[in-house]
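Q: One structure, as structure tokens, below. Some questions next.
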Amino acid sequence: MASGLIDTNFSSTLANGMSGCDQSTVESLADDPTDSPFDADDCLKVRKYWCFLLSSIFTFLAGLLVVLLWRAFAFVCCRKEPDLGPNDPKQKEQKASRNKQEFEGTFMTEAKDWAGELISGQTTTGRILVVLVFILSIASLIIYFVDASSEEVERCQKWSNNITQQIDLAFNIFFMVYFFIRFIAASDKLWFMLEMYSFVDYFTIPPSFVSIYLDRTWIGLRFLRALRLMTVPDILQYLNVLKTSSSIRLAQLVSIFISVWLTAAGIIHLLENSGDPLDFNNAHRLSYWTCVYFLIVTMSTVGYGDVYCETVLGRTFLVFFLLVGLAMFASSIPEIIELVGSGNKYGGELKREHGKRHIVVCGHITYESVSHFLKDFLHEDREDVDVEVVFLHRKPPDLELEGLFKRHFTTVEFFQGTIMNPIDLQRVKVHEADACLVLANKYCQDPDAEDAANIMRVISIKNYSDDIRVIIQLMQYHNKAYLLNIPSWDWKQGDDVICLAELKLGFIAQSCLAPGFSTMMANLFAMRSFKTSPDMQSWTNDYLRGTGMEMYTETLSPTFIGIPFAQATELCFSKLKLLLLAIEIKGAEEGADSKISINPRGAKIQANTQGFFIAQSADEVKRAWFYCKACHEDIKDETLIKKCKCKNLTVQPRSKFDDLDEHHPAPTFTPPELPKRVHVRGSVSGDITRDREDTNLLNRNVRRPNGTGNGTGGMHHMNNTAAAAAAAAAAGKQVNKVKPTVNVSRQVEGQVISPSQYNRPTSRSSGTGTQNQNGGVSLPAGIADDQSKDFDFEKTEMKYDSTGMFHWSPAKSLEDCILDRNQAAMTVLNGHVVVCLFADPDSPLIGLRNLVMPLRASNFHYHELKHVVIVGSVDYIRREWKMLQNLPKISVLNGSPLSRADLRAVNVNLCDMCCILSAKVPSNDDPTLADKEAILASLNIKAMTFDDTIGVLSQRGPEFDNLSATAGSPIVLQRRGSVYGANVPMITELVNDSNVQFLDQDDDDDPDTELYLTQPFACGTAFAVSVLDSLMSTTYFNQNALTLIRSLITGGATPELELILAEGAGLRGGYSTVESLSNRDRCRVGQISLYDGPLAQFGECGKYGDLFVAALKSYGMLCIGLYRFRDTSSSCDASSKRYVITNPPDDFSLLPTDQVFVLMQFDPGLEYKPPAVRAPAGGRGTNTQGSGVGGGGSNKDDNS
């Protein structure tokens, strides 16, 4: 109804508007049979512009009036009637009226819905109509450009001869129909009448009809069609052309700017060419394009002055327009330039070169993390790295990071996007990538939130491509379970987790067994180049040479096939100058998983065996593949071993090392069944010769908790049970009635086989019985005899976890393991591990299980396990206890690591290692303060002094001095107690690398020095999680490298054990089986002293190469480096600090004070049995094995 009224009104308005116009010209033209042209000058003497203008105004006012009248009528006539009661007689009439209104309402609603669908962009018809309206609007605008190119504003021309007006009229008829459709679809008719696009129609449609009646044209306000350009962004979105916010914003800015510019130019053109009213005699002739030029120059505030407004109306409009136009120009143009300049800088799609691999790196992308990653990934020591590194991050790089990318532009590319968006994954071609690496923020405030974000990234990657290889960094060990439970996660396909907490604590744990080992391993998997200098100290040059060593893999040449591992290692070291650490042993069955075996006992090299080497570069390791006996046997210079032309590589030649088999006897396999045991106790004559044999026997079979055996090269092999029993009895007398449980031999088909065919040299100090200064009485490590009454060793059975890799005990409550200061002070702890833990009750869990588990590896005998004493907040430890309750020999002192009384109570001066850890979250305010507690604790211990009393400085008795004069005798096993805190073995965990300068007061480290070059790190007394950054690159290039490193530092954690722990139930105990007990027979880390014992001969001016060969042949131990005093002078102010030398050359001179890092075999030999009879009174001075380091539970070893 409203639309009909509008149509009628529109026609009447046109007629009424024309009634006042002069029709004489029109009539004369109509009467002219020849259709002669107008006399233009006579026609234009009378201006008719107001007719065109009034038609537009009247149309607007008429439409507005109709809408207002309709609303008033609806308000008066259609008011809501009051509800009538059910019995009211007018109710029927009301119902009929309502039904009629509902029918009309339904009809109007359907019409409105139809019109709405027709003009919306949601349907195909709507999209076509919207695009058609835009195209016709632009076509009408082009017609205006054509008409406005002349300087005439009003022109007399017969309509039938005016082609442009005829075309424009056809367009306007279409716009009029579209106007009515929009009017019907509008929910608020009054507001619709006041819309901008409605005014465009008011001032463009009616004048086209007026021109027919007057036979003249007025340029008028047709330039308003330019405002239709503002709909370009909407139309492009309807057509799915614009999808990103930046492109939509750019289209909006450009369309608004151009629309306003062209519209304002049309107004200036109209006003200047018309002149000022009322006589219009000062017209300023300007073309439309000149006006366009004039406006852009004016808006940009340049204003050349070559074009300007002369009319009053033109100038007035310009004044007001500049207030808007200048602001728009100043805001829009910079934003447009920014969007155009940066829109596609890091967008687009990866263009892969044919045959070139690429990896995608995401997660925590900053200058620091990226620079560390690229420094290691693109290191020159690697073989030609033909891999492109693609970084994907949601934020654009800052200037520093952008500069880094430019310096590596040939191998690095950055894309802006998120790993959670499949479109961005498609852009960087994740499905074609070689691997996807996820970096973590090591300094984050919330480690669990950081891990959750990275795990979600892995889920997104695996959801997009489930066969892509993923290597991820995680902060917390307990979050590893969520990752392992992802269905498409498969470690067999190369997926790997680098858990920073697990590896960090594992490195620290191994340093408890062999101080300095954390530094050695960290340097091995980091790619570094070393440069020695004569200006530097000798110890610095020795250390730097070791930092240049890395771990590589290479396939062994056919020359090695069939020879034992020890023999192959000797050949590599002496001939190729390579250190062979481990080999990959393939499964016996086809398709079975291969495993990495470190220093395997009795394994022989098979064809295509992959070896793990320590060397300076990948080129050096190639010698292992190039080596050929026929071509290279006589070559003395290892650098000359190159690829030969020998074709007979398939035939295995007999190596000159084959005659060494007699020096490498096959190791004895220890059966899992219960062995025969000999319990002997008695008195034997004490001549010195027999005592020497007894001491050798005891120390050969009672190994230290630090991980090495105690036998000597000169000891006698026991050939029968009786001799062994007598010797054990004498040993029992020697060590204060300690009753050993001896497994001297086992019977196999009537023959007696010795427990281990490798002799055992003594290792670094530890906690079992040694001589003290009072008459050679033993001072075993552990708890005093009066503290051991609660432990019944005969009735307790020792168990392992279900995999057989770790010692296990039934769950203990935390309260049973808590000591107060008095209880700790009454406990003579020795050879133990003190963990100084700084934590608040709500601090994030760091996973203390990862520190204790390597110290509970099953390749230690039970009595060798070091007691772990944790000093810290018991409220925090209670949260960790669920993961510690099944691990034996743990005590907790609820105290402060900064309290000297607490430190004295736990005998920190007698410990084998003091670990200083912090679980507190670093502050954002000042990151350097994150390590304040750890540094204070370290300096506090170094400033302490201790009494030189019994049990502090253990000295050798005279009888022992006589024994040690022979080649076969052991060294003093117990670490001498420290009188000064500076000599306490210590390792401090740091969050910030730069804080390492505060640990040692006697060094001259520069704050800008890299961590690995600082003295505390070189000495193995500091460790920071940043050194683990290199593992990402190492794991990518060598899938087995992380497995090897994890095996070395975790004590034997396997993927199967990881899956068990991922269940969340913790370690599960298991019955010993043949398979699980065989897992005990694996290599471990140890430290051997050259001061005394069977290897002492090499300490006096010996060479490292001779030591290496002798240790490998005689004891099956693989030497990997030295731990040497920094100051080798005997001056009184010489430092007691040692530093790490990784894999010295074979001609390297040794010193008696050196300690050797070794990978030693498992010793299944004689077990140690604590006494059943209490020691005589004297108590703490004659401490026996208790629940301290050597006691606390069962020590019955079913596999000995």
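First residue shown is number 1, and so on along the chain.
Backbone N, Cα and C atoms are what each Cβ position is placed from, and that goes for glycine too.
When I checked Swiss-Prot for this same protein, it listed these features:
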COMPBIAS  746-776  compositional bias 'Polar residues'
DOMAIN    356-498  domain 'RCK N-terminal 1'
INTRAMEM  285-307  intramembrane segment
MOD_RES   S978  phosphoserine
REGION    505-525  region 'Segment S7'
REGION    563-583  region 'Segment S8'
REGION    681-713  region 'Disordered'
REGION    746-785  region 'Disordered'
REGION    828-848  region 'Segment S9'
REGION    1017-1037  region 'Segment S10'
REGION    1170-1200  region 'Disordered'
MOTIF     301-304  motif 'Selectivity for potassium'
MOTIF     988-1010  motif 'Calcium bowl'
TOPO_DOM  70-127  topological domain 'Cytoplasmic'
TOPO_DOM  186-189  topological domain 'Cytoplasmic'
TOPO_DOM  236-250  topological domain 'Cytoplasmic'
TOPO_DOM  338-1200  topological domain 'Cytoplasmic'
Q: Establish whether the number of Cβ pairs under 8 Å between the region 'Segment S10' (1017-1037) and the region 'Segment S8' (563-583) reaches at least three, counting only pairs separated by 6 or more residues.
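A: Counting Cβ pairs under 8 Å, fewer than 3, so no.
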Q: Within the topological domain 'Cytoplasmic' (70-127), what mean pLDDT does the predicted structure show?
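A: Mean per-residue confidence for the topological domain 'Cytoplasmic' (70-127): 69 out of 100.
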Q: With DSSP as the reference, give the number of residues of the region 'Segment S7' (505-525) in helix, strand and coil.
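A: Per DSSP, the residues of the region 'Segment S7' (505-525) fall into 17 helix, 0 strand, 4 coil.
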Q: Let's see if you can do this one: DSSP helix, strand and coil counts over the region 'Segment S8' (563-583), in that order.
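A: The breakdown for the region 'Segment S8' (563-583) reads 12 helix, 6 strand, 3 coil.
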Q: Taking helix as H, G and I and strand as E and B in DSSP, count the residues of the domain 'RCK N-terminal 1' (356-498) in helix, strand and coil.
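A: For that range the per-state counts are 58 helix, 32 strand, 53 coil.
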Q: State the count of C-beta atoms found within 10 angstroms of the C-beta of S978 (phosphoserine), not counting that atom itself.
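A: Taking every protein chain into account, the count is 21.
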